[in-house]
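These notes are about the structure you will find just below.
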Amino acid sequence: MASAQVPFSFPLAHFLIFVFVTSTIIHLQQRIVKLQTLSEKELQAVQMSSPNAARTDMQQSAKLQGIFTINSIGRLGNQMGEYATLFALARMNGRLAFIPESMHNALAPIFRISLPVLHSDTARRIPWQNYHLNDWMEERYRHIPGQYVRFTGYPCSWTFYHHLRPEILKEFTLHDHVREEAQAFLRGLRVNGSQPSTFVGVHVRRGDYVHVMPKVWKGVVADRGYLEKALDRFRARYSSPVFVVTSNGMAWCRENINTSLGDVVFAGNGIEGSPAKDFALLTQCNHTIMTIGTFGIWAAYLAGGDTIYLANYTLPDSPFLKIFKPAAAFLPEWMGIPADLSPLLKH
């Protein structure tokens, strides 16, 4: 005889739905409570895995001193400066360092960065103390007070992190596929039929700087004369170099850089929104010619070798000099070629 099925009663269905909804709400409430604050146990667990933690006296004494983070603003060069500054100041002050999601999204596709990410939902629950940084290291930055400190500003100076250069270079190691694509391009270059042994990356910053420098900062961008001098210095120093030009103003470069010697290649795509290709090409060269801007500064810093940069590119009364110190931006061993300021003096 076939077994009779007991019909599913309507009141029982309501009861089961009530139990399911109630348990779900309780579960979600418990999760929300758990996420309200960063507990000491959670921070200690993160501390054990943080790159900065293992090297501080704070961890050795089992003291929990809070965390540092930094604003994530600007394009690639700015983001790199902010990351490296956070890395160095956290180490210096015995704190944990966390980067915002937006910084991770900007840097992680290109570099093998290691600092942990502070997700936006968690960051919003932390009572941050904003701490403004100038664009150069100061003694007071060695003793920064506060448990939860968020740095603001546009720090990008070797004075913050140069003492950690090997570690900074490791943080900004290119992913294999990014590096290999750049190296494959360089291997295919020829100078008058021969494979060059010396590669000089050239970064020409234009874009908004063409208007911002003279109108806002009483300054100039690199002109044709500067680039001719810079290229000639490398030609005099090295045998048959090849110059790999990248820029966000490639049309201007093609019109103003002399290619008659057959040793200049216009290689970059000049797209500011996807700078990985241009940056990788520059870092894989032996030497660097830069103009102005943090993109070129970081390319030169990672490439090593000889660097020539545009010097004295503002008038002495420029407001830019209140927020920018050339000696803190360019390494002492780099070589500066003074800019031609005559266009500014005509106005």
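A Cβ is built for glycine as well, from the same backbone N, Cα and C atoms used for every other residue.
Here's what Swiss-Prot has on this protein:
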type	residues	note
TOPO_DOM	1-5	topological domain 'Cytoplasmic'
TRANSMEM	6-26	transmembrane segment
TOPO_DOM	27-347	topological domain 'Lumenal'
CARBOHYD	ASN192	N-linked glycosylation site
CARBOHYD	ASN258	N-linked glycosylation site
CARBOHYD	ASN286	N-linked glycosylation site
CARBOHYD	ASN312	N-linked glycosylation site
| Using Cα coordinates, what distance in whole Å links ASN258 (N-linked glycosylation site) and ASN286 (N-linked glycosylation site)? | 21
| On the 0 to 100 scale, where does the mean pLDDT of the topological domain 'Lumenal' (27-347) fall? | 90
| request: Among all chains shown, work out which of the glycosylation sites ASN192, ASN258, ASN286, ASN312 has the most CB atoms within 10 A of its CB. | output: ASN286
| message | Give me the CA-CA distance between ASN312 (N-linked glycosylation site) and ASN286 (N-linked glycosylation site), in Å, as a whole number. | response | 25
| Euclidean distance between Cα atoms of ASN286 (N-linked glycosylation site) and ASN192 (N-linked glycosylation site), Å | 19
